[in-house]
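Asks: Have a look at this one before I ask anything.
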Amino acid sequence: MNHFTFTDRTVVAELVAKMLWEIKAVHFNSESPYTFASGMKSPVYIDMRKLISFPRIRSAAMDFAAAAVMREAGFEKFDCVAGGETAGIPFAAFLAERLGLPMIYCRKKPKGHGRNAQIEGHMPDGARVLVIEDLTTAGGSMFTFIDAIRAAGGIVDHGIALFYYGIFEEAEARFANGNVKLHYLTTWRDVLAVARAEKLFDEKTLSGVEAFLDNPLPWSAKHGGVSELPQS
């Protein structure tokens, strides 16, 4: 296992936000909002998958993730790391390597042939599993994987997202009700703070983004999107 520096969480949040701006993973556009699969309209979009193509930034982010898990959850709390199909799979491999743990991955649905498996890899019954995703919006996709792992006999008390939206009360309730502690590196508020400090956009654009972060669903509805999040 690697040796990690347990950097202060606020410093990590700022550094990771800067990394995301550097690799152009973040997009702001208040004039032509993005439409998500949920039907929500948003002036912000982030592509966390880009991290896998930038080895130095990827390595630093995964070191931060490993340190966050050990600092906030403990050193001997897990038996394996699970990645969610598909974006979480490479990050599960990177994190498992750093934590010295086995890795599994979880499909969104059973594959429908062969063993009809939804969990790939070896997961002993009662294994304590850390679930990782590249990003979490309101927790719905992560709980798809958590529920499948629990149904297969695994124990899931913790999840980690490299990026957490951090703007939906529904997400806080979902994780609390699901008895899962969510760990994360950075949020939209951190990304916006870096953009403002480094003057990456004019104040009109930044204020438009901030208006969305303050009231995301009303903003979405006003711009032709959904006014509530899907329940699943």
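Glycine is treated like the rest: Cβ placed from N, Cα and C.
Features from Swiss-Prot:
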BINDING   R107, K108, K111, H113, E133, D134, L135, T136, T137, A138, G139, G140, S141  5-phospho-alpha-D-ribose 1-diphosphate binding site
BINDING   T137  orotate binding site
Asks: Where's the emptiest Cβ shell within 10 Å among the binding-site residues T137, S141?
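Replies: Across T137, S141, these binding-site residues, the one with fewest Cβ atoms within 10 Å is S141.
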Asks: State the count of C-beta atoms found within 10 angstroms of the C-beta of L135 (5-phospho-alpha-D-ribose 1-diphosphate binding site), not counting that atom itself.
Replies: 18
Asks: Under 8 Å Cβ-Cβ from E133 (5-phospho-alpha-D-ribose 1-diphosphate binding site), six or more apart in the same chain: what's there?
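Replies: The answer is G83, G84, A87, G88, F91, S141, M142, F145, G159, I160, A161, L162.
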Asks: Quick one: of R107, K111, which of the binding-site residues has the smallest count of other CB atoms within 10 A?
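Replies: Least crowded of the binding-site residues R107, K111, by Cβ count within 10 Å, is K111.
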Asks: Please report the three-state DSSP label of S141 (5-phospho-alpha-D-ribose 1-diphosphate binding site).
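Replies: S141 (5-phospho-alpha-D-ribose 1-diphosphate binding site) sits in a helix per DSSP.
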Asks: Please report the DSSP secondary structure of L135 (5-phospho-alpha-D-ribose 1-diphosphate binding site), reduced to three states.
Replies: strand
